[in-house]
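Record features, source Swiss-Prot:
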- Asp233: active site (ACT_SITE)
- Asn330: N-linked glycosylation site (CARBOHYD)
- 411-579: domain 'PA14' (DOMAIN)
- Asn447: N-linked glycosylation site (CARBOHYD)
- Asn503: N-linked glycosylation site (CARBOHYD)
- Asn764: N-linked glycosylation site (CARBOHYD)
Amino acid sequence: MGSIDTVGMGQRAIDQIISELSLNEKVALLSGVDAWHTFAIPRLGIPSIRTTDGPNGARGTRYFNGVPSACLPCGTALGATFDRDLIFSLGQLLAAECRAKGAHVLLGPTINIQRGPLGGRGFESFSEDPVLSGLAAASYCSGVQDGGVVPTLKHLVCNDQEHERVAVSALVTPRALREIYLLPFQLAIQGARPGAVMTSYNKVNGLHASENPGLIRDILRGEWGYEGAVISDWFGTYSVADAVNAGLDLEMPGPTRFRGPALMHALTSNKVSEKTLNERVRKVLELVQLASRAGVPEYAPERKLNRPEDRALLRRAAGESVVLLKNDKNDSTNSPILPLDREKTTLVIGPNADLAAYCGGGSASLLAYYTVTPRQGIADKCGAEQVVFSQGCYGHKELPLLGEHLRTIETGQPGYTFRVYTEPPPASGSFKGSDSRTPVDELHMTNSSAFLMDYSHPQISGDTYYATLEGTFEPPESGVYEFGLTVAGTGLLYIDGVLVVDNKTVQRAGTSFFGIGTVEERGERYLEAGKKHHVFVEFGTAPTSNLQHHHGVVSFGPGGLRLGGCRKLDTDTAIQQAVQSAAQADQVVVCVGLSGDWESEGFDRPHMDLPPGTEELVNAVLAVQPNAVIVVQSGTPVTMPWADKAKALLQAWYGGNEAGNGIADVLFGDVNPSAKLPLTFPRELSQNPSYLSYRSERGRVLYSEDIYVGYRYYDTTGQPPLFRFGHGLSYSTFHLRDLTVRETAPYAANIKESSLRVSVTVSNTSARPGAEVVLVYVRPPAAACSVGRPVRELKGYEKVMLQPGETREVSITIPLGLATSFWDEGCDAWLSEKGLYFVEAVGTGEGNTLVAPLTVQVSRVWNGL
């Protein structure tokens, strides 16, 4: 990579460079040159650096036809591990993946708060708790930085819903803003000093975050002393002078909308001073300097990594993220149902059994090196002859992608041929052989979801162009097949020359492609097994459509198309078949849940329910096989009306490349579960604290639950949820004793000199090695508090691995200010009030809780990190 001065470059070098930059060059540096790269100035040795999504894998520069990558478990899965060392190692892996993709800046982690269960991007973030989120983010960032890559904390702040995300104003009290939504950023910056922070799309109390001086200038840079770069979310800049003056350094992506000539005009009219401009330029140059540590060449080619040690780490992460929610006894053996016996035949049922639900949708999605389904993971462990499968029902929102099941006409390779044209198709239809157009590009592809945001070709200018998708489909069995076509643009699907889906003539707005696309339009056709059926799609990019976009969404240019298909299923018959098999089976695993179809950037879920047919399937199987193990995959809470009937229940999230192996490892005891819920699972949607005020209404969303987010609400109101925050069982048993709490410097005038040292003795009282997570909560003074406070709040945690019979002391150090303070709106600062607090150490299992008193001798006010 070209470099400013990668060896010993200091502040004076940057000062010198700024003095040599022309005004036009300074302005150019403050925006991207394309979707993923910053502006270069070769004459001064300033290179372009590359950014990449994030947060659970490094995609590289291409949504469209990209290079495969390693996919980590989703954010909530990582939060469930409560393992900072593991997350640090995964950060190191992400850095290596970034370098393989030629990237210097990773756009992750996401550390927004799941104030409710429906947020489309809820799966990306670690937890509903700000301390767990902030400490996990610090470990993530430290690991990424250890590999020389710059991590990016996102999204500052209150980007907690997708509905009207670029237009909505989050109305939040100063106290809730500080104690819940900003605290993860504060802790991550304190613990890791990441090189970049990304602003959110939304407004905060009436002002967009990317032009909000209170957030960027006063809190981030002023109070916290943050010295890194502040970059916009993609197309999340809304002004010229306001954003620059507030402290937004880099507008992304390019070409610019609000810098360039507009910023030059703001400079000449004194809307922006050159001093302020130089401050923004300095931060961009410092980002480039920091990025040079990666040793990645400028505009480096993208390549695969996929190392054996990475696959092992991903498998470990997948297994250690699985939460054991229930493990009751088998009535016939009087032993816990799990782990299962690999010598017995296992019946695997359900919509997620043969589906690789490895990641959520949107900017967190990527093309994985490989994926493992639960069925495959179980078969690989037990032997294929020991595993029987029954579908039960489908769980997809959109029909499964068809691309990998197609074959090219020319060579018979898996996939299809994608041809790009600058001219529209003939009126008679290009599939009839009357197409005289010459394609400007021809690609062989397997992924039939094609998002064209970053597709480019020298012969194409602008966003208007056309494409065809062509291949053959040979069905494994005869029957009626459903096909679905989703577009941000226009599309027609032909099977054997017959129009099966028209998504052009009349279109319906949907949530696809970040909210700018259509619903999936479907059609049916009877197909014969063993026959090659011709599949052809005519597509026009987004400008060819007259569809009106939803208000408050981000438009990503040319749009895209998605082609899906599968055999039509009679759900009642499929459930009946599954039930008949379950009644005779030795042991049964039912795999249900969501996928990236249901949880994605661009839209929120309308409800917490699992897909249609799922509840009926689970109830029917449990009626004949009460010992069936239920495995749920989702990134955020779902309703489980059958949970009281289920004796064995796992929450398995989106587990990345190794999702299926991680599930199988826990099911059969190769991994002893140690994960805990990082989110509260309510019994139903109306029980959650944000129920009455989640969506945008006339451009604003009221955070009416205030500081009582997640478990803070349930604990304070005494409402029992379905599963509590921090719940998670093990195949081992543990015992906590001898809790001690010691305060250092109890009378220090500066509370930052004071801390708590919480120590507890932990014993493994079982015959199986296992890991225990010790959660430390602090209860505020019951009578002496000057404001209402939650019953208890998480302030620290530690994970410890113990052999059978082993005993160890676990010590956790917590800053006293973090442990005892609330945000005092009267003095605009943190206040630690004197009084009698109680410290709780909580382990696995009912009643495994210890309590010790803590007396804070003096009240103290503080600010900053």
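The backbone N, Cα and C atoms fix where each Cβ goes, and this holds for glycine too.
These figures come from a predicted structure and were not determined experimentally.
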**Complete:** Cβ density check for Asn447 (N-linked glycosylation site), other Cβ within 10 Å (all protein chains) comes to 18
**Fill in**
Looking only at the recorded positions Asp233, Asn330, Asn447, Asn764, Asn503 (N-linked glycosylation site) has its closest CA neighbour at Asn447
**Complete:** Candidates Asp233, Asn330, Asn447 (recorded positions); nearest Cα to Asn764 (N-linked glycosylation site) turns out to be Asn330
**Item:** Cα-to-Cα gap, Asn330 (N-linked glycosylation site) vs Asn447 (N-linked glycosylation site), nearest whole Å
**Value:** 44
**Prompt:** Counting only other Cβ atoms and using a 10 Å cut-off, which of the glycosylation sites Asn330, Asn503, Asn764 scores lowest?
**Reply:** Asn330
**Message:** Among all protein chains shown, how many Cβ atoms are found within 10 Å of the Cβ of the residue listed as 'active site', not counting that one?
**Reply:** 24
**Message:** Return only the integer: C-alpha distance in Å from Asp233 (active site) to Asn447 (N-linked glycosylation site).
**Reply:** 26
**Prompt:** Roughly where does the domain 'PA14' (411-579) sit in mean pLDDT, to the nearest integer?
**Reply:** 93
**Prompt:** Using DSSP, would you call Asn764 (N-linked glycosylation site) helix, strand or coil?
**Reply:** strand
**Item:** DSSP-derived class (H/G/I helix, E/B strand, else coil) of Asn503 (N-linked glycosylation site)
**Value:** strand
